[in-house]
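One structure is given below, encoded as structure tokens.
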Amino acid sequence: MQGGEPVSTMKVSESEGKLEGQATAVTPNKNSSCGGGISSSSSSRGGSAKGWQYSDHMENVYGYLMKYTNLVTGWQYRFFVLNNEAGLLEYFVNEQSRNQKPRGTLQLAGAVISPSDEDSHTFTVNAASGEQYKLRATDAKERQHWVSRLQICTQHHTEAIGKNNPPLKSRSFSLASSSNSPISQRRPSQNAISFFNVGHSKLQSLSKRTNLPPDHLVEVREMMSHAEGQQRDLIRRIECLPTSGHLSSLDQDLLMLKATSMATMNCLNDCFHILQLQHASHQKGSLPSGTTIEWLEPKISLSNHYKNGADQPFATDQSKPVAVPEEQPVAESGLLAREPEEINADDEIEDTCDHKEDDLGAVEEQRSVILHLLSQLKLGMDLTRVVLPTFILEKRSLLEMYADFMSHPDLFIAITNGATAEDRMIRFVEYYLTSFHEGRKGAIAKKPYNPIIGETFHCSWKMPKSEVASSVFSSSSTQGVTNHAPLSGESLTQVGSDCYTVRFVAEQVSHHPPVSGFYAECTERKMCVNAHVWTKSKFLGMSIGVTMVGEGILSLLEHGEEYTFSLPCAYARSILTVPWVELGGKVSVNCAKTGYSASITFHTKPFYGGKLHRVTAEVKHNITNTVVCRVQGEWNSVLEFTYSNGETKYVDLTKLAVTKKRVRPLEKQDPFESRRLWKNVTDSLRESEIDKATEHKHTLEERQRTEERHRTETGTPWKTKYFIKEGDGWVYHKPLWKIIPTTQPAE
């Protein structure tokens with residue numbers, strides 16, 4: 001291993017056990033590039049670190065951390081090794097003694113990893129045996145790296161206890177001897193389940209019974225339900241406190257108490273589940289045929305009572321829900337027509353709504369809500385069914401966000417104006433990369449509404465033909481392209497019009513999983529795009545990742561070409577401090593007919609250095625393996641296009657004109673169209689009335705759940721309105737390629 005640069009002297013206060021200086025600690029990784037070198041000497045420690053990219057794979061991590069020993073000795077550097085295969089956290093006096101017996105070992109199965117709320121460097125590892133390591137990293141980023149790796153390893157081995165391990169013999173220890181003996185403190189627990197029997201004679205007697213009654217876990221369930229009720233009362237009393245004063249609901253100790261109590265209940269639920277699995281493995285061979293096993297869940301689910309970090313006001317008799325006149329009653333909404341409806345374009349007017357969004361900034365005021373939410377989540381957990389707090393919402397639906405990706409219709413229409421297959425692929429990449437800054441509103445750290453199943457959104461754009469012909473995005477090979485000759489099949493109205501029309505429709509076709517379908521077309525230019533997207537969200541520790549599963553197909557019927565493309569992932573970072581959003585991942589664009597393809601990479605910011613929102617791309621002719629265009633820059637700022645002829649073009653997205661979409665007034669929209677459906681939520685958010693917005697949002701979600709239960713009970717399948725399922729995807733019911741025949745131009 002190579003040494004790094006020397007760093008500043010470190011000073012440790014023995015009386016207080018606090019780090020007063022700063023040193024560099026590195027956690028290299030054997031299996032990835034996320035590593036660094038470590039060197040040590042008697043006087044200083046140095047290191048070099050590369051940017052860590054988050055991964056949810058299990059990795060062996062090792063490096064120096066500071067370990068708090070006691071008030072006399074204080075903090076000391078120790079060399080730590082995370083052994084994922086064995087599920088152990090080991091430490092040594094230094095790196096040179098790594099081949100010797102470890103100085104200490106913690107079993108991670110059943111452990112709890114807790115970042116400190118006092119500073120951004122410290123964290124604790126609490127083993128199921130009761131032993132605790134208090135550790136300190138060099139900075140917040142290094143701490144997050146260690147915490148993430150430890151949590152992944154802990155979750156893996158905790159789940160393995162119930163799934164893979166056979167029941168072990170219970171062992172009981174003397175609490176007095178185990179707590180006072182240094183040897184017993186250092187000895188790792190052989191299995192996390194053994195700790196659950198410490199000092200509990202009642203459980204010991206139960207373990208000796210050979211034939212347990214089928215309902216022996218009912219008492220445990222009742223005790224857990226009672227504990228959950230007390231925990232809910234605790235949180236309710238804390239949140240009833242004023243937000244300011246001597247004792248407030250935002251007091252740091254109370255916030256930590258809330259988060260810790262919720263985490264404790266989650267751990268107990270995990271333990272209860274393990275007991276059920278163990279009991280099932282005992283009874284599996286002796287059950288008569290046809291017998292079914294039902295899990296004994298607590299009577300009241302915590303998640304049902306704390307959707308947004310507190311009890312919902314409408315759940316009590318003391319509070320009256322706000323009237324929602326525009327929202328459709330349950331009985332009536334279930335009878336809405338599901339047949340496709342033709343939208344009258346004459347009813348559409350230019351959008352006048354103010355869509356300006358303020359960034360979240362620091363979230364100190366909502367810290368209690370976020371801490372409560374985080375206490376319910378596990379690393380890698382699917383967030384599809386998790387209700388996120390209302391204050392992070394944009395004032396638009398996800399379906400409208402997809403429409404906003406079309407806010408440059410001039411660039412979209414200009415794709416088919418390309419004189420060659422190469423030019424058309426480059427134009428598509430130019431359009432694709434310029435669509436995100438408006439679709440994502442720059443990089444605002446908010447999320448759109450999750451669409452209700454059956455929700456739709458309609459709009460259109462009018463684009464003067466002269467602006468498309470003189471588009472500044474035309475490359476040098478197409479500068480002379482003018483308005484095309486009338487296409488066969490175009491109506492006299494379309495030929496005589498000075499504007500192209502791009503029409504857009506989107507529909508939420510599925511609720512679980514959440515899948516949206518959207519379709520846009522320009523009939524005059526014989527082009528359309530059809531896409532389906534499944535938004536799959538995941539909890540990543542201090543960030544949330546959203547994978548856009550699915551694909552889109554752009555059809556240029558005039559040229560007989562199809563361009564298949566995918567979408568990048570989105571990440572919400574620093575959700576506890578100042579949230580921000582970035583895009584990440586590799587996407588591809590392919591045209592099978594012409595042999596041209598594009599590879600686009602949205603780069604996530606590394607922990608150390610690097611730029612935000614960076615994107616690079618290459619357009620290649622696969623047959624000759626020739627790169628015809630390269631792109632670099634930021635997807636929400638400036639893009640640089642370099643063409644094969646040496647020409648370079650810069651596009652400042654902040655100055656790029658946005659064409660306003662045309663929508664029908666609310667009174668002419670159907671009850672399930674996005675803006676009318678979410679009107680009360682949007683109005684409340686505009687007035688900064690978060691509680692009222694939460695109530696309206698809950699009403700919509702409850703209606704959706706009620707209708708879903710009704711369909712399940714009656715065996716009625718959901719019928720989509722505008723999209724038809726074909727294979728694994730969804731296709732618009734009247735795509736342009738079924739109406740207008742594809743032209744096969746001469747090569």
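Each Cβ is built from the backbone N, Cα and C atoms, and glycine gets one as well.
Scan Swiss-Prot for phosphoserine across Ser189, Ser205, Ser248 and the hit is Ser189. Note on Ser40, Ser44, Ser184, Ser286: Swiss-Prot annotates phosphoserine at Ser184; no matching annotation appears for the rest, which is not proof of its absence. For the residues Ser174, Ser249, Ser476, Ser688, the entry in Swiss-Prot flags phosphoserine at a single position: Ser174. Helix, strand and coil residue tallies for the compositional bias 'Basic and acidic residues' (689-713), in that order: 24 helix, 0 strand, 1 coil [DSSP].
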